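**Q** What follows is a structure written as structure tokens; I'll ask about it next.
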Amino acid sequence: MKLVIVSGRSGSGKSVALRVLEDLGYYCVDNLPLPLIGSLLEQLKGSNDLVAISVDVRNLPEQDKVLVKQLASLPEGTELTSFFLNSSDKVLLKRYSETRRLHPLSKSRVSLQEAIKLEGKLLEPLSQQMDHYIDTSNLNIYELSDQVRQILLGSVDKELVINFESFGFKHGMPTEADFMFDVRFLPNPHWEPELRPLTGLDEPVAEFLNRQPLVNKFIWQIENLLETWLPHLERNNRSYLTIAIGCTGGQHRSVYVAEQLAKRFSNGKHKVNARHRELNHAKA
């Protein structure tokens, strides 16, 4: 089992680091009480081999000793990596002023500036126990994400999952699509009596559509568009990209086009999924 502990001052980027870990498949728990680390790992044993927890000032004071004790008693075979994120007082003050969020220690009559300084003092012992110290003062969220991935994977490369989804316009448009293409102008197998009961997954329908120059040209143009912009989308720190293909009923044309695109992109470095909304609904 791999355990990652993320700690640091409020506003330094712990939530960004946790999102990166979540994208990498980690089961993430924010601000877990330190005495519960052992029981959490025990519960997840066998079902989740990647676990990440965040530890912040709300777990303190004096629980740094508890953390040492908990880490010393981790289950055998647990691979531990820990991060401490920090920023200068000036940067933290600016971030809190911009977001207008309440600092965890901004209670009673303690000013924001005093709360930031107090938190730094309280977390100092904990920061010295962490494996990796990252100063995020001059980092944006993408640069911080890259640093976390670099430490964990030895590379900043991020696997982008591409989902091709077919649907029927008469059943409503999908809300989660990043790109949407309307293929209702393509030749329709529905008007061929022998093809009407079939779907775009069936060979006779695939052969019919493959004979249509317009279909092949449109697929090629979508493929070319996506290949042109995928590198830029990846640099934008995306985890998923959903391309929706719609025809009238979501049975023939959209299914075929989505399948063809999925096959073409499966030959590359990305993880690719093809799903067919209306066909899945028909099975349910």
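Including glycine, each Cβ sits where the backbone N, Cα and C put it.
In case it helps, Swiss-Prot gives these features for our protein:
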type: BINDING; residues: G8, R9, S10, G11, S12, G13, K14, S15; note: ATP binding site
type: BINDING; residues: D56, V57, R58, N59; note: GTP binding site
**Q** Residues other than G8, R9, S10, G11, S12, G13, K14, S15 within 8 Å, Cβ to Cβ centroid, of the ATP site?
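**A** Everything else in range on the chain: D56, L85, S87, T136.
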**Q** How big is the Cα-to-Cα gap, in Å, between G11 (ATP binding site) and D56 (GTP binding site)?
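**A** Cα-Cα distance, G11 (ATP binding site) to D56 (GTP binding site): 11 Å.
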**Q** Could you tell me the C-alpha distance between S15 (ATP binding site) and D56 (GTP binding site) in angstrom, no decimals?
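**A** S15 (ATP binding site) and D56 (GTP binding site) have their Cα atoms 11 Å apart.
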**Q** Within a 10 Å radius of its Cβ, which of these binding-site residues (R9, K14, R58) has the fewest neighbouring Cβ atoms?
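**A** Counting other Cβ atoms within 10 Å of each of the binding-site residues R9, K14, R58, the minimum falls on R58.
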**Q** Same-chain residues six or more away whose CB lies under 8 A from the CB of G13 (ATP binding site)?
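**A** Once residues fewer than 6 apart are set aside, G13 (ATP binding site) is near L85, S87, I134, T136, L139, I141, L144.
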**Q** Mind telling me which of the binding-site residues G8, G11 has the densest Cβ neighbourhood, counting other Cβ atoms within 10 Å?
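**A** Compared across G8, G11, the most Cβ atoms within 10 Å surround G8.
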**Q** If you measure R58 (GTP binding site) to S10 (ATP binding site) at Cα, how many Å is it?
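**A** Cα of R58 (GTP binding site) to Cα of S10 (ATP binding site) measures 10 Å after rounding.
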**Q** Could you measure between D56 (GTP binding site) and G8 (ATP binding site) for me? Cα positions, answer in whole angstrom.
**A** 6
**Q** Rank the binding-site residues S10, S12, S15 by the number of other Cβ atoms within 10 Å of each Cβ and report the first-ranked residue.
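**A** Counting Cβ neighbours within 10 Å, the top one is S12.
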**Q** Relative to the Cβ position of V57 (GTP binding site), how many further Cβ atoms are located within 10 Å?
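**A** Counting Cβ neighbours of V57 (GTP binding site) within 10 Å gives 21.
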